[in-house]
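Could you have a look at this structure, given as structure tokens, before my questions?
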Amino acid sequence: MVRQPALSAGSARALLVLLWLIASAALIATTWHFIVPMNFRDPDDALRLVQVRDLLAGQSWFDLTQHRIFPPSGVPMHWSRLIDLPIAIMLNALKPLLGAPLAERVTLVTIPLLLLLALALVVYKIARHLSLGRGTALIAVAMLFSSLSILIQFAPMRIDHHGAQVLCGAIAVLALVRSDRHDGHLGLIAGMAMACWMQISIEGLPYAVVAGVILGLRQITRTDRWPDLRAYMISLTGVSAALLFGTHYPSDALIPWCDSFSPSYLLPLALTTATMIGARHFLPKDSLVARGVPLALAGVVGLVSFLLLSRQCLAGPFDTLDPIVYKLWYLAVMEGLPVTAQTPDLRAMIIMPSLLGLLGSLLAWHRSPDGRMREAWFSLLMMQIAAFAVSLSVMRAMSFAHVLALPGNAMLLGSLMSAAQRLTFMPLRVCLTAGTVIATPFGAASAAAAALDMPQASSKAANQVADRFRCTTYDTLRGLDALPKAILFTPLDIGAHMLVYTHHDVVATGHHRNVEGMKAVLEGLTADPDNARVIVNGTRADYVVFCRGENEIEKYRKRYPRSLIAALMAGKTPAWLVPVTMRRGESVKVYRVIKDPSA
């Protein structure tokens, strides 16, 4: 490792906060053109604000239905109140002081940046518990603040759950790499963090399993590690149950959903925990094999119970999508697709930081001077491998994978710099020292992406996105908002924006539980005008609304040249639609639906 000047704990904390302030200022500056008009780049963030507004307006804490989507029945959301809570608290506190518009903007900026600060502190603590020096730990934090794949989840306006679940996972990993106590305290922390993650998103399930395996292996090899495993399983089960029934009506909590934590997962988890503790109590514990038997029994019981009670969940949460929804919507959500579906430059961005982190962690594990540190690095390696594997199957999982890679990234960079500094020929020493930047997550991903870049495609995509952002803002939807309350038939990508910026309801947004509404929107937009009339009337929609140049619209127009949307884009308005003129400067296209008396 590179020799580092002595750095006190207080100085390290001050530098960490300074780095966070610099990163926050940069993030605010680069997103200012979204903050001022309060424009959301992701529909999930827009709908999250709608959900919080509804909560503050009096909707029950236990009612997670979004009543303004597909009225009158609404859509039961798979989201968690854990994410709504801090946003609602801050909004409620700031509204009397700043007024609603400014309070919302301040909250939308502050919440993600505070989560980023918390993540930086956790990353620093992970590095320190892995025996990295304060300087190296700060390098890991600096890498965090320069990793776009991570920062994208913590940028201003990013209030959806992805940043929070990354933080929960990092807290669990911090508990796993610590070795300063074995009384169950660390297992309790890890279990609570993983329970929160699974409540926020069921994407945390594989990581919760791997964490349990890590603690189980420790318990087999070390007789003093049983308290941590027991505490982990009990807290994972108990907190998961408490969060499930503490944020839903009992009738809703008992629905066996597969796309969120539900009895489909709680019952197998509870049986696994009960089997493990019971078998441990009654079976001998005097050998490695004997200590492994309760874990094996618990694993078998958990697997069998899941297959018997929740077999339908093996197909995944999107298995029930209608074919047209799967083809036109699901396959277009690139963040949910595997690495093989991404462009070459994105593949490099996903893979390179994780591989470098794995290399650095392997190097640190090999060099560890004692069993305690080897155990800590081994635990991190197991979580890294799991996170890397998940990121290869679901692109958005790369954020967590890259967070876990940071200690290894810092270790590898330090080792390379140390090797370069040992060279006696100064020009070569300087060049190679400077060249170690290629071993950082940002450097490696940037170099690989630059070698594979396709500038024309990137430029085109950027221009298309800009068109939508100009269409869906408060200022450009005032004319639509001034119309009497109605149901809007909109493309999926802008449905959530209509809920934020207007008082209207929508037939559908890009949220998969609304299977019927999503199918109606996609079939209506892509059908010929005569058939589209039947579909639109069937949804009770009052207006057809869309933004010219928006990605989704362009795709349907090109793929279905005889469709309703292709006709509207060509200026051919069918007789059952009446154009509604918006105000000057408002590019949104609005058509009043002439209701079919026979519908």
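Placement of Cβ uses the backbone N, Cα and C atoms for every residue, glycine included.
Features from TrEMBL:
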type	residues	note
TRANSMEM	12-35	transmembrane segment
TRANSMEM	106-124	transmembrane segment
TRANSMEM	136-155	transmembrane segment
TRANSMEM	188-217	transmembrane segment
TRANSMEM	229-245	transmembrane segment
TRANSMEM	265-283	transmembrane segment
TRANSMEM	288-309	transmembrane segment
TRANSMEM	346-365	transmembrane segment
TRANSMEM	377-394	transmembrane segment
TRANSMEM	400-418	transmembrane segment
TRANSMEM	430-452	transmembrane segment
How about long-range neighbours of the transmembrane segment (12-35): same chain, 6 or more residues beyond its ends, C-beta under 8 Å?
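Result: 41, 105, 108-109, 113, 116-117, 120-121, 124, 134, 137-138, 141-142, 145, 151, 154-157, 469.
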Please report, as numbers and ranges, the same-chain residues at least 6 past the borders of the transmembrane segment (377-394) whose CB is under 8 Å from any CB of it.
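That would be 126, 130, 173, 176-177, 203, 206-207, 210-211, 213-214, 335-339, 350-351, 354-355, 357-358, 361-362, 364-365, 368, 400-401, 404-405, 407-408.
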If we skip the immediate neighbours and take only residues 6+ beyond the ends of the transmembrane segment (229-245), which ones have a Cβ under 8 Å from one of its Cβ atoms?
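The answer is 80, 82, 184-188, 190-192, 194-196, 198-199, 208, 211-212, 215-216, 218-219, 253, 261-262, 265-266, 269-270, 272-273, 276-277, 280.
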In the same chain, who gets a Cβ under 8 Å from the transmembrane segment (188-217) while lying at least 6 residues past its ends?
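Residues packing against the transmembrane segment (188-217) from afar: 80, 82-83, 161, 164-165, 168-169, 171-172, 174-176, 225, 228-229, 231-236, 238-240, 243-244, 247, 258-261, 265, 295, 317, 379, 382-383, 386-387, 390, 394, 397, 400.
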